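According to Swiss-Prot, the protein has these features:
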BINDING   16-23, 63-67, 121-124  GTP binding site
LIPID     195  S-geranylgeranyl cysteine
MOD_RES   195  cysteine methyl ester
MOTIF     38-46  motif 'Effector region'
C-alpha cells in the first residue's frame with residue numbers, strides 16, 4: 001500500500017448496527033480478504049497504511065460491536081478518535097433509520113467535533129433479486145443513494161460513500177475519504193479536539 005514508514009497516525013472508529021458490514025469492510029481493506037462467516041465483533045483492532053495527497057498515514061482501525069448488549073462497553077473505543085465511520089447496510093432500511101435514532105447521538109455525545117463519514121455497506125445487494133424480493137415482502141426496498149445522501153446531510157457528515165466489501169467496489173475510497181477528513185481537522189485545529197469519555 002505505502003512505501004516507507006508512515007509520517008502520521010490517525011485513529012478511525014467504525015460503528016453501526018450489528019451485521020451491517022463493518023468488520024468485512026475493515027478486513028477487506030486491511031487484509032484484502034472477504035470473511036465468509038459472520039462472527040459478531042466485541043472489539044477488534046486493525047492497522048493499515050494509507051497514502052492520500054502524497055502523505056503517508058498509519059490508520060488504526062477500531063472495530064466495535066453494534067449489538068445493544070455492548071452499548072456500555074463500546075464508548076471505551078471512542079477516546080482520541082480522529083474520524084468516525086457510521087455504517088448502515090443498503091439491504092436494511094432499519095439500519096439507516098438507526099443512524100438517526102441511535103448512532104449519531106452516541107457519536108456526537110462522545111466525539112464532539114470529530115469528522116463523521118456515513119457509509120452505505122453491501123451496495124452490491126441493491127440490485128440483488130433475492131434481497132429485493134425479501135424486502136418487498138416486508139413492504140420495504142433497498143436504501144437508495146439519495147436516501148443515504150439525505151441522512152448524511154441531516155447528521156452533518158463530512159462525506160457519504162457506498163461500498164461493497166464483497167466485490168471490493170468503493171472500499172479504498174471510504175478509507176481515503178476518512179483519512180482526508182481526519183487530516184483536514186488536524187490542520188484546522190491543532191488544539192486536537194478529541195473524544196472524551198465522561
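First residue shown is number 1, and so on along the chain.
Every residue, even glycine, has its Cβ placed from backbone N, Cα and C.
Structure with Swiss-Prot features highlighted.
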| residue | record | DSSP (3 states) |
| --- | --- | --- |
| 16 | GTP binding site | strand |
| 22 | GTP binding site | helix |
| 64 | GTP binding site | strand |
| 123 | GTP binding site | helix |
Fewest-neighbour residue among binding-site residues, criterion Cβ within 10 Å, set 64, 67, 123: 67
All-chain count of other Cβ atoms within 10 Å of residue 19 (GTP binding site): 18
Same chain, 6+ residues apart, C-beta under 8 Å of the C-beta of residue 16 (GTP binding site), given in sequence order: 22, 66, 85, 86, 87, 88, 95, 98, 99, 103, 119, 121
C-beta crowding around residue 22 (GTP binding site), within 10 angstroms: 28
